[in-house]
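What follows is a short report on a single structure.
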Amino acid sequence: MASEGPEYIPLLPGSPRRLSPQAGTRGGQGPKHGQQYLQMPGPRAAGLQGSSSRDPGQPCGGESARSSSVSICYRFSLKRLEAPTDASPEGHPSGMVSVGGDGGMDPGAGEFKLCTYKCFHLFFLCTLQNKSQGSIFVRIHAPWQVLAREAEFLKIKVPTKKTYEIKAGGSIAKKFSAALQKLSSPLQPRVPEHSNNKMKNLSYPFSREKMYLYNIQEKDTFFDNATRSRIVITIFISLSSVGINSLIANNIYEAAYPLHDGEYNSPEDDMNDRKLLYQEWARYGVFYKFQPIDLIRKYFGEKIGLYFAWLGLYTSFLIPSSVIGVIVFLYGCATIEEDIPSREMCDQQNAFIMCPLCDKSCDYWNLSSACGTARASHLFDNPATVFFSIFMALWATMFLENWKRLQMRLGYFWDLTGIEEEEEHSRPEYETKVREKMLKESNKSAVQKLQTNTTESGNEDDEDKLTWKDRFPGYLMNFASILFMIALTFSIVFGVIVYRITTAAALSLNKATRSNVRVTVTATAVIINLVVILVLDEIYGAVANWLTKIEVPKTEQTFEERLILKAFLLKFVNAYSPIFYVAFFKGRFVGRPGSYVYVFDGYRMEECAPGGCLMELCIQLSIIMLGKQLIQNNIFEIGVPKLKKLFRKLKDETEAGETDSAHSKRPEQWDLDYSLEPYTGLTPEYMEMIIQFGFVTLFVASFPLAPVFALLNNVIEVRLDAKKFVTELRRPDAVRTKDIGIWFDILSGIGKFSVISNAFVIAITSDFIPRLVYQYSYSHNGTLHGFVNHTLSFFNVSQLKEGTQPENSQFDQEVQFCRFKDYREPPWAPNPYEFSKQYWFVLSARLAFVIIFQNLVMFLSVLVDWMIPDIPTDISDQIKKEKSLLVDFFLKEEHEKLKLMDEPALRSPGVGDRSRSRAASSAPSGQSQPGSVMSSGSQHTNV
């Protein structure tokens, strides 16, 4: 049983990254002169298995430690613990926990001891045993000394005592801003103002030698929770092979997570940030309100704050595009009666006898029977869609430009401007591969390097890294697997095509189903495509993660970027390949009557409807987009976390061999948080919106209502994601970043590719170009009268192949010639059924349109990009002003400091003592007495 008295563990001077296990106390000696020490309240680590369990109502590490630090819990199972030995290895504090199985020492025990010493002796530590779940929680409290030293090492910007006014441009801009703020006041979330919007503190990287610069009223609250959490996590991750990531990867610890502030639905009147976020952000009832971005950033960190800021801007930008899309759709509805081609198709007097759609079982048919399809096609195939395509291309550019401006504005207010890239630490899997590589070396020098690398981080030689030869098998597997997955997607698309062809032929044999063949086949094929997309999305996400792991990237950032690229490539192909088929390939390789292209014996390639494939493309887009958003993005996001939470709770209750009296008490926060779903990153959230962005931009010419459906989804998505982060997930580690990373490049690439895809949709899929060519080159009166007849070619039915003629034709008249949609020479021409001059004219016009459209829209996009500066003018001016004020502030504070140091000689002894005490408070903390806490309560003249 460990002693309950306080025990001293040395806090080594310098960076915590340079800790050594040999630097600890030896032989039970007390603190040495000249060292700094932390007081760790008992019980020590030896009490992890025995006396470590405590009354939940008792303070852990002292209330002062609790209030002045961040709490991070590390959970490991009691099944992995053996009774601690009396003797401890030299260089380690006695009583470290042994980790192992049934007798014998687990290979991870040494790592456990080393990490426990190297990590936890920097902090106030409390072990919390949960017997009912067979687990132990280690709660960490970071004291001020550790926070201050690491904040200085990380160069974290903190507010100084100097404040200045933020000016909002000219008088007109001020009036407009004030009026807008007044009008939008009902939409603002009711959250307390953490700072005056018109005033801002100068920020400067934290330095213990310049404590007099900062407005440190209370050390307990000087660093916010997100910053303290980031500092602690940075220390644990930076410990090379004994970092917390390595220990979790080796199953020594089960989980590590910061604690939520409290319960979000507690009936008590006490308010915390989590409860405030739930009430004003994470409920569907407040969908009309703006997001409290500053509070989100304060609670979750900058990375998650930037995601929700980006999502909010994207959703707000969907409003104007939705309005324009509805106007374009209404224009199609209003002009449907004026559309000459659809009226000609619906006219019963125009006896356009069409060739059979299939062999044997299909009969000749009148074009007027496709009247409904032709009228519906006009809703999306009209001149307004060309304008809308240009508008959406410029919309995408304006959205990206405005995001860059908002990103800079947030970076200014969040003190992200000029932040340096933090030191990247190797992933546990990479370090394991390096050690395995070195163990294969036969000479003793390689073994010596391995032992040196275990205790020192960041000093790898070139020989201790993975070369391209080591990674080549992983690269080869990645290349082959991605090709296989893409081929699998194309094979499934081809399988759906075969289904459509065979089903259409089968339904055509029955008179009862013959009239609805096209609708039935299209609807069922789209549903099959949707199900396949949903299933393959989950599979491809797991495959992309596995492929990235076998590449063994060195850092987490490299791992994340490669994972994003693989997942995006596979999911892009999966989501859009059926749509690309309908848009650009369906009906292009059919052949002609008498010379059709067959997939299998007796099964012809499918054709587009008489009004073109644009209507079918619209149906495909709408069903896949809506189904994907409704099922995958919403139902999965709501249901899956709840099911996982339920299964985890049942598992913990099943594994618990017995319950104690404490089990019936109110659970603590670490128990509640452990039952939540682990945070796995923002990649799924971004990927979901990026795929939606593709639906909105890539094929908007065929589906102008896509922005409307995206807007309706995102209004729910914002609150759904908010509720998930606040109520369903463990609190993520705070990550400081100044942008959204590789996602911006993907968005920019989709925006540029959308220009090309929409150009081909208008030119190839729609009838916009053929109509223009006919109206201005072939029409006798400059109208579209006769356009339908112009697009239909003649075929002599006597030239049909034997066995393909309609059997038992029920057509009411004898047919000599049938019509089919194509530009070919008539049977009586010298070269019958060859492509006509009109075909080549239309084809050249289509290609010319693609080139002109692409260059015009690209030019306008570049022009918009050039006209909108990336950095707002007021932010640029404020940054310059802040630099100037910072220099003046430094000079004034240094002058005040020197003046205070010179005054004691001219003052009385009592006053001089106070002045000397005041000047001494600005000295570096490293010069303070051992065990003391540096003072920062000095008062200075306000500037």
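These residue numbers are counts, starting from 1, taken along the chain as shown.
Here the Cβ of each residue, glycine as well, is placed from N, Cα and C on the backbone.
Small disclaimer: the values here were computed from a predicted structure and weren't measured.
The feature region 'Disordered' is assigned by TrEMBL to 1-66 (among others).
According to TrEMBL, the compositional bias 'Low complexity' annotation covers 10-21 (among others).
Annotated domain 'Anoctamin dimerisation' per TrEMBL: 131-293, in sequence order.
The domain 'Anoctamin transmembrane' annotation in TrEMBL covers 296-882.
Taken from TrEMBL, the feature transmembrane segment applies to 307-331 (among others). Taking Cβ pairs closer than 8 Å, the transmembrane segment (307-331) reaches residues 290-291, 293, 296, 379-380, 382, 384-385, 387-388, 391-392, 395, 398-399, 402-403, 406-407, 410, 682, 685-686, 689, 693, 696, 700, 704-708, 710-711, 714-715, 717-718, 721-722, 740 in its own chain, all 6 or more past its ends.
Listed by sequence, the residues of this chain that lie at least six past the ends of the transmembrane segment (384-400) yet keep a Cβ under 8 A from its Cβ atoms are 313-314, 317, 320-321, 324-325, 327-328, 331-332, 696-697, 700-702, 704, 707, 744, 747-748, 750-751, 754-755, 758-759, 761-762, 766, 768, 853, 856-857, 860-861, 864-865, 868. The transmembrane segment annotation in TrEMBL covers 384-400 (among others).
For 440-463 (among others), the entry in TrEMBL reads region 'Disordered'.
Marked as compositional bias 'Polar residues' by TrEMBL: 444-457 (among others).
Within its own chain, the transmembrane segment (475-499) is flanked in space by residues 468, 525, 528-529, 532, 536, 540, 543, 547, 550-551, 566, 569-570, 573-574, 577-578, 581, 599-600, 603, 606, which lie at least six positions past its ends and keep a Cβ under 8 Å from the stretch. Look at TrEMBL and you will find 475-499 (among others) tagged as transmembrane segment.
Long-range contacts of the transmembrane segment (519-543) within the same chain, counting only residues at least 6 positions beyond its ends with a Cβ under 8 Å from a Cβ of the stretch, are 481, 485, 488-489, 492-493, 496, 499-500, 503-504, 507, 513, 567, 570-571, 574-575, 578, 616, 619-620, 623-624, 627-628, 631-632, 684. Residues or ranges marked as transmembrane segment in TrEMBL: 519-543 (among others).
The annotation transmembrane segment is assigned in TrEMBL to 563-584 (among others).
The transmembrane segment feature in TrEMBL is assigned to 689-712 (among others).
Per TrEMBL, transmembrane segment is recorded for 847-868 (among others).
Residues or ranges marked as region 'Disordered' by TrEMBL: 901-943 (among others).
Residues annotated as compositional bias 'Low complexity' in TrEMBL: 918-932 (among others).
The compositional bias 'Polar residues' feature in TrEMBL is assigned to 933-943 (among others).
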Checklist line | Residue numbers, six or more beyond the limits of the transmembrane segment (689-712), whose CB comes under 8 Å of its CB atoms | finding: 311, 314-315, 318-319, 321-322, 324-326, 328-329, 380-381, 384-386, 388-389, 392-393, 396, 568, 571-572, 575-576, 579, 583, 614, 617-618, 621-622, 624-626, 628-629, 743, 746-747, 750-751, 753-754, 757-758, 761-762, 765-766
Next item on the list: Give me the mean pLDDT over the domain 'Anoctamin dimerisation' (131-293), rounded to a whole number.
Entry: 78
